[in-house]
Amino acid sequence: MSSSTHHWIARRGTALQGSLAIPGDKSVSHRAVMFAALADGVSQIDGFLEGEDTRSTAAIFAKLGVRIETPSASQRIVHGVGVDGLQPPTEVLDCGNAGTGMRLLAGLLAAQRFDSVLVGDASLSKRPMRRVTGPLAQMGARIETQDDGTPPLHVRGGQALHGIDFVSPVASAQVKSAVLLAGLYAQGETSVTEPHPTRDYTERMLSAFGVEIDFSPGKARLRGGQRLRATDIAVPADFSSAAFFIVAASVVPGSEVVLRAVGLNPRRTGLLAALRLMGADIGEENHAEHGGEPVADLHVRYAPLRGAQIPEALVPDMIDEFPALFVAAAAASGQTVVTGAAELRVKESDRLAAMATGLRTLGIQVDETPDGATIHGGSIGSGVIESHGDHRIAMAFAIAGQLSMGQVQVNDVANVATSFPGFDTLAQDVGFGLETAGHR
């Protein structure tokens, strides 16, 4: 979708007020469909994210012979075929924009008896895949990439996999998950040790589906040959989507919002710690557990933020929230320093460069480094922002527009539907000044 046909005009609205139901967690939705498809029996998924990425994953499993019913937009009923019941696809498997889908599927499909090809959109086709194909090759998998290690992935079936003790050079939940899923089919035990703990959605959900798996922060181990038992999953609200409203309510004077039943996986919530370090007023109420995941209502009130040094230990736990954090830093008094975040350069866009360039366009001083940036808080001006088709960049600058002295035009926003369908409507409902222009 070209920037000229679909963009936002963001300008100051009102103080943000309301109680919000954020769409379901994308990471949990991907895994819920995958594991339900591999389980013995029928699983019901409630709170499923009806976004393009998760629809791509569900469509892939339909092509692999799994029957999936859709009683409502946020519900899926999955008729599992068992770990050995997937059928050979008759066409390529299109992951769309979903890096999670492609990397996890690489681990799963590497163990099947048939060949398959995983493709993605223009953005996903630029993303690095050797971090996944490397350890899978150590297990005996045969996966071919482009010469530069990017998709498409040609997965050769019929390989006998063996367990490995993998010491990952990168802190990536997707790499860990791909190895663990291949490990379900491998001879012997498979373990993953990480340089820093990452999100443990895969471990928690495999356990919910009856798999015996030992895991602690930074480590996971399972043995091959186990089966999955069907189970019903309630998907929590997506923290990464909630993040935009958490930041917006923190920086727009007079705001007070409640975000209901948000997933608070401890490996996901680094943004809360970072914002609290900057002086944010964020309360947690009604703690519960959904599908093995901790959830709570978040009560966010406006508070003046001050710049801070963001601890590197928080970086893996907020890697998707940095676009929102950069806007909080721009609104804060003083300097905010981010280091240890080189991973941001290989997301849907080079998010460090995109955020730095965009904030400079709006008059904010940003000193970029190879693995981070120093953001100098100040007054946010007007300008035209290129989101580079990155949904999180687009939503971050919609927040910036709420503090603008004029207006912020955010181009190329169609991809917001990959993770947060209906973001613009929900934002308008709580008080954002936000208009959608052009054609979808």
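The backbone N, Cα and C atoms fix where each Cβ goes, glycine too.
The active site, proton acceptor annotation in Swiss-Prot covers Asp320 and rests on sequence analysis. According to DSSP, Asp320 (active site, proton acceptor) sits in a coil region rather than a helix or strand.
Look at Arg127 (phosphoenolpyruvate binding site): DSSP puts it in coil. Annotation comment: Swiss-Prot describes Lys26, Gly99, Arg127, Gln174, Arg351, Arg392 as phosphoenolpyruvate binding site, evidence class sequence analysis.
Positions annotated as 3-phosphoshikimate binding site by Swiss-Prot, on the basis of sequence analysis: Lys26, Ser27, Arg31, Ser172, Gln174, Asp320, Lys347. For the recorded site, Lys26 (phosphoenolpyruvate binding site), the DSSP three-state label reads helix.
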Under 8 Å by Cβ from Ser27 (3-phosphoshikimate binding site), counting only residues of that chain that are 6 or more apart: Thr100, Ala173, Arg199, Tyr201, Asp238
Give me the CA-CA distance between Arg127 (phosphoenolpyruvate binding site) and Ser172 (3-phosphoshikimate binding site), in Å, as a whole number. 14
Specify the count of other C-beta atoms within 10 Å of the C-beta of Ser172 (3-phosphoshikimate binding site). 22
Work out how many Å separate Gln174 (phosphoenolpyruvate binding site) and Arg31 (3-phosphoshikimate binding site) at their Cα atoms, rounded off. 11
By Cα-Cα distance, the member of recorded positions Arg31, Ser172, Asp320 nearest Arg392 (phosphoenolpyruvate binding site): Asp320
Of Lys26, Arg127 (the binding-site residues), the residue whose Cβ has the fewest other Cβ atoms within 10 Å: Arg127
